[in-house]
Every structure is written in structure tokens, then in C-alpha cells.
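K.L.:
Quick one: this structure, given as C-alpha cells, is what I'll be asking you about.
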Amino acid sequence: MKVWWAVLAAAILAGCRAQTEQEVEVPEQARWKAGQPWELALGRFWDYLRWVQSLSDQVQEELLSSQVTQELTMLMEETMKEVKAYKSELEEQLSPMAQEHRARLSKELQVAGALEADMEDVCNRLAQYRGEAQAMLGQSTEELARAFSSHLRKLRKRLLRDAEDLQKRMAVYGAGAREGAERGVSAVRERLGSRLERGRLRVATVGTLAGRPLRERAQAWGERLRGHLEEVGSRARDRLNEVREQVEEVRVKVEEQAPQMRLQAEAFQARLKSWFEPLVEDMQRQWAGLVEKLQAAMPSKAPAAAPIENQ
């Protein structure tokens, strides 16, 4: 029984080790890598979310903490800050235009509220998943992982839909603004371009500083976990070899002692036979003597009974 437990433990450790040695891939969303500052900030939020999902279960369990929720909240606030800054700059630079253009801009940017709600939903879902994982300890980790992946897929679809909608609306309005600028607002376009460039640089700097420590920590966790699993696997293999050697020694001893045990059993059987055979013979002799006495006594009693019947 101990041998089977040791084999099962070694198989589980080997599976965990194979899972942790897979390369962590961080998918890239090309469509958010260039464009407005809010698009770059949204790309950072998107990449971080996909990166957390791509990690192994062990590293995910460590990363799904309040710190990750805070990092996502920071990226979400950075994205909405850039969207609001872009809206304020457009309103400031387009103030000479008609009032209906500014009203149209405010109406078009209302979709940014839906985008913010979706990003907040992502953070809330991560916190909910962490609580469910703690409450469902002892159940299958595969079921938790499937539920987590399903939540993220749905949230990514909503996030992508609202982001694309906002991008299309901003592109349409930006095209109108460029046409107006070409008709005489070239100064506005120059100032807006310089501010957008500064926003791109700021978002790129924030993204680099935010992403580098997380990747370094994840790599360090992966290395520590891999080393620990290798050490445990080595100890399990050594213990398994020791158990196999002990079982082999017991088997050899049993094979060596089997003939001796058979001889001892035969000798004990002969001894029992020698004990009981005299008793059986004595009982047979006594029984035969008793039968003879009974047979001898029966004829002597029969004539004595006849005179009694005649009277």
C-alpha cells in the first residue's frame, strides 16, 4: 500500500512540474499599441488582464490578491484619466466652433462611461473569484479555472465592444475636427498634436514601470516553485527506491524461509498424529470391550424373565 501511495505522489509531482515549466506568454493586442493616449492606457489594462489569465494555477493563486486588484484599478483610473484629458483638450481647443459641435462631442464620449463600468466589473470579478476560490477549497481546481476563464472571456468581449465603439466615435469626430482644422484651425491641430505626443510618452512610461516589476515577481515565483517541486520530486523518488529495496528484501527472505517453514509444518503435523493415534486406539479398544460386556450380559437375563410371565 505504501508503494502505491509513493507512486501516486511521484506522478502528481511530475504533472505539477511539467505544468510549471511551460513558458508564460503575454499576448499582445496590436490594435491598442498605437493611437490616442487613452488607447495606449487601455492596451496596458488589456495586456495585464490577459497576462494574469495566461499564468499557471499556482502563480495565479498568488497573484489573485488585493495587490492585483489595486494594480488593475490603477490602470483603469489611468485609462479614464487619459480619456477625460483628451475630452477636455478637445473642448478647450474647439471652443471657437459652434456649440452643437461641443454638445456632439459630449454625447459621443458618453460611451466612455460604459467602458469604465466594464473595467470596474473586471476588478470586481477578480475579487469575487478570489473569494469563491477561498470558499471552495477542497474542490476541483479545474472547475475554478474554467469558471475564471469563462468570466474573463465574457468581460473581454464587453470591454472590446465598448472600446471599439469609443474608438470609432472618436475617429469620426476626430476626422471632423481635422477637416475643421484644415479650414483654418491649424494652430489647434499643432497644439493638440504636441499634447497627444506627451500623453503617449507618459502612458508608455507608466506602462513600462507598471509591467516590469510584475513580470520580475512572476518569474521569481516561478523559479522558486520549480526548485521546490524538483526538491520534493527528488525526495519522493529516493523514498520510492528505499521502499522498493525493502520490499525486495522481504520477498527474498520469504523465499529463503519457505522450505524451512514447510518442513516445520510437516514435522508439527507428524507430532500431532503421534499424539492422537494412541488415544484413538485406546478409545476403540475400550468401546469394543464395552460392547462385548453388553452382549455377554444380555443372554443371562432372558431365562430369568420366563417364570414371571407364567405366574
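Don't overthink the numbers, they just go from 1 along the chain as shown.
The backbone N, Cα and C atoms fix where each Cβ goes, glycine too.
OK, Swiss-Prot features for this one:
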{"type": "REGION", "residues": "74-248", "note": "region '8 X 22 AA approximate tandem repeats'"}
{"type": "REPEAT", "residues": "96-116", "note": "repeat '2'"}
{"type": "REGION", "residues": "151-161", "note": "region 'LDL and other lipoprotein receptors binding'"}
{"type": "REGION", "residues": "203-283", "note": "region 'Lipid-binding and lipoprotein association'"}
{"type": "REPEAT", "residues": "205-226", "note": "repeat '7'"}
{"type": "REPEAT", "residues": "227-248", "note": "repeat '8'"}
{"type": "REGION", "residues": "259-311", "note": "region 'Homooligomerization'"}
{"type": "REGION", "residues": "271-283", "note": "region 'Specificity for association with VLDL'"}
K.L.:
List the helix, strand and coil residue totals of the repeat '8' (227-248) as derived from DSSP.
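P.N.:
Counts, helix then strand then coil: 22 helix, 0 strand, 0 coil.
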K.L.:
What mean pLDDT does the predicted model reach across the region '8 X 22 AA approximate tandem repeats' (74-248)?
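P.N.:
It averages 67.
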